[in-house]
Amino acid sequence: MGKEKVHINIVVIGHVDSGKSTTTGHLIYKLGGIDKRVIERFEKEAAEMNKRSFKYAWVLDKLKAERERGITIDIALWKFETSKYYCTVIDAPGHRDFIKNMITGTSQADCAVLIIDSTTGGFEAGISKDGQTREHALLAFTLGVKQMICCCNKMDATTPKYSKGRYEEIVKEVSSYLKKVGYNPDKIPFVPISGFEGDNMIERSTNLDWYKGPTLLDALDNINEPKRPSDKPLRLPLQDVYKIGGIGIVPVGRVETGVVKPGMLVTFAPTGLTTEVKSVEMHHEALTEALPGDNVGFNVKNVAVKDLKRGFVASNSKDDPAKEAANFTSQVIIMNHPGQIGNGYAPVLDCHTSHIAVKFAELITKIDRRSGKEIEKEPKFLKNGDAGMVKMIPTKPMVVETFAEYPPLGRFAVRDMRQTVAVGVIKSVEKKDPTGAKVTKAAAKKK
């Protein structure tokens with residue numbers, strides 16, 4: 001068993017009928033961790049319901065249905081392997097929480113797989129102003145998904161079938177759009193596939209012998225290995241805080257950057273409470289250190305439950321410790337707000353694990369969301385489809401960072417009226433020093 005394969009997260013994006021479920025289902029079916037017995041059960045049910053046509057999509061439909069009914073699906077079902085990577089498919093965008101998940105960073109994707117419907121009419125619907133192809137691509141780029149693979153799907157249903165001309169037309173148009181969003185199309189493989197028939201998914205297809213590039217599986221294998229940010233200073237947003245008899249207080253969260261280890265002095269922002277880490281554990285096993293991506297619990301000394309809350313951020317006291325944000329400037333894209341957003345708007349921001357109302361104190365500029373260039377200074381308002389720079393002031397103590405330095409703490413969703421009305425990334429933060437920050441006895445000894 002040579003070296004462990006690297007884990008990567010893939011997000012599958014594209015218009016509603018582009019064939020995302022079929023394509024993803026196909027990969028999971030052929031390369032994945034779905035038990036053959038489960039597949040046979042699904043196949044039998046599909047046949048009984050005359051659902052032959054849904055060959056692979058129903059694999060996902062069943063998984064989704066079981067998940068939504070609260071049957072916990074073994075997450076291994078959403079995984080598949082290439083020769084180089086273990087791939088996890090994180091929520092495909094049909095899911096209403098997808099945008100929120102993508103932003104709050106429960107799932108940072110390393111690569112986006114954009115599925116395009118190549119059929120007559122299908123492609124045009126997806127790429128049109130109202131189509132989701134553009135919005136998903138823009139979101140992926142804004143949220144820092146640097147790598148992309150583009151699949152020209154349904155090649156078995158073009159006119160004529162497997163049409164090279166149609167493929168070239170699509171590559172040209174999608175490239176020009178992706179370039180406007182900010183991607184470099186020369187670095188994006190455009191793979192003609194049929195998620196349904198299986199052409200160029202895993203094996204090279206004779207139906208598409210004019211195409212000399214990689215299959216989808218090859219393209220996934222060629223993804224650049226993501227750099228995990230373990231060399232950055234520690235940032236660990238708290239998800240929960242437990243009091244465990246005989247042990248004490250155990251904050252729990254995911255290491256986003258840096259490392260945490262026993263004996264380390266940590267400072268919790270926004271309050272500035274400083275203490276020593278006694279032990280770190282993951283899945284009930286003690287660790288000598290936890291790395292980015294690890295969900296851990298760690299035991300801290302001389303701390304009361306009331307001192308820590310979800311949304312607080314643990315950091316290394318001696319290496320750029322996290323602090324409360326007095327205010328910050330963000331680039332936001334308004335996605336679905338029925339009216340106009342002006343100065344004084346105060347929605348809730350979901351950023352890492354915090355969920356805090358923030359005031360839009362000042363609309364600084366309106367920018368062209370395609371080119372990123374400034375269109376207007378101090379606009380009176382922003383409306384659907386607009387992008388702008390906004391100065392924001394939290395209504396309660398909050399910890400955020402710039403997207404450039406600490407990506408998971410620098411992107412957010414703006415929630416209002418029970419939906420995501422905007423998304424954004426933080427460009428700069430003005431921090432304030434904590435007043436009367438408590439240093440525990442254990443920490444004072446270590447200093």
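Even glycines carry a Cβ here, placed using N, Cα and C.
The annotation domain 'tr-type G' is assigned in Swiss-Prot to 5-230.
Annotated GTP binding site per Swiss-Prot: 14-21, 91-95, 153-156, in sequence order, evidence recorded as similarity to another entry. Its own atom aside, the Cβ of Met155 (GTP binding site) has 29 Cβ atoms within 10 angstroms in the protein chains shown.
Residues in the region 'G1' (14-21) partition by DSSP class (helix H, G, I; strand E, B; coil) as 2 helix, 1 strand, 5 coil. What Swiss-Prot lists as region 'G1' is 14-21.
Sequence annotations record features per position, and here Swiss-Prot assigns N6,N6-dimethyllysine to Lys55.
The average per-residue pLDDT of the prediction over the region 'G2' (70-74) is 42, rounded to a whole number. Positions annotated as region 'G2' by Swiss-Prot, on the basis of similarity to another entry: 70-74.
Per Swiss-Prot, N6,N6,N6-trimethyllysine is recorded for Lys79 (among others).
Taken from Swiss-Prot, the feature region 'G3' applies to 91-94.
Secondary structure of the region 'G4' (153-156) per DSSP, as helix, strand and coil residue counts: 2 helix, 1 strand, 1 coil. The feature region 'G4' is assigned by Swiss-Prot to 153-156, with similarity to another entry given as support.
Annotated N6,N6,N6-trimethyllysine per Swiss-Prot: Lys187 (among others), in sequence order. All protein chains shown were included, and the count of other CB atoms within 10 Å of the CB of Lys187 (N6,N6,N6-trimethyllysine) stands at 10.
Per Swiss-Prot, the feature N6-methyllysine maps to Lys261. Neighbour density for Lys261 (N6-methyllysine): within 10 A of its CB lie 15 other CB atoms from the protein chains shown.
Annotated 5-glutamyl glycerylphosphorylethanolamine per Swiss-Prot: Glu289 (among others), in sequence order, evidence recorded as similarity to another entry. Under the three-state DSSP scheme, Glu289 (5-glutamyl glycerylphosphorylethanolamine) falls in the coil class.
Secondary structure at Lys306 (N6,N6,N6-trimethyllysine), taken from DSSP and collapsed to helix, strand or coil, is helix. Here Swiss-Prot flags Lys306 (among others) as N6,N6,N6-trimethyllysine.
The 5-glutamyl glycerylphosphorylethanolamine annotation in Swiss-Prot covers Glu362 (among others). Look at Glu362 (5-glutamyl glycerylphosphorylethanolamine): DSSP puts it in a strand. The Cβ of Glu362 (5-glutamyl glycerylphosphorylethanolamine) lies under 8 Å from the Cβ of Asn343, Glu378, Val390, Lys391, each of these being in the same chain and 6 or more residues away along the sequence.
What Swiss-Prot records for Lys396 (among others) is N6,N6,N6-trimethyllysine. Counted within 10 Å of its Cβ, the other Cβ atoms near Lys396 (N6,N6,N6-trimethyllysine) come to 11, all protein chains included. According to DSSP, Lys396 (N6,N6,N6-trimethyllysine) sits in a coil region rather than a helix or strand.
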Of these recorded positions, Lys20, Lys79, Lys306, which scores lowest on Cβ atoms within 10 Å?
Lys306
For Glu289 (5-glutamyl glycerylphosphorylethanolamine), which residues of its chain lie six or more apart in sequence with Cβ-Cβ distance below 8 Å?
Val259, Val260, Lys261, Val280
When distances run from the Cα of Lys79 (N6,N6,N6-trimethyllysine) to each of the binding-site residues Gly14, Lys20, Met155, the nearest one:
Lys20
Go through the binding-site residues Gly14, Asp17, Lys20, Met155 and tell me which ones have a CA within 10 A of the CA of Lys306 (N6,N6,N6-trimethyllysine).
none
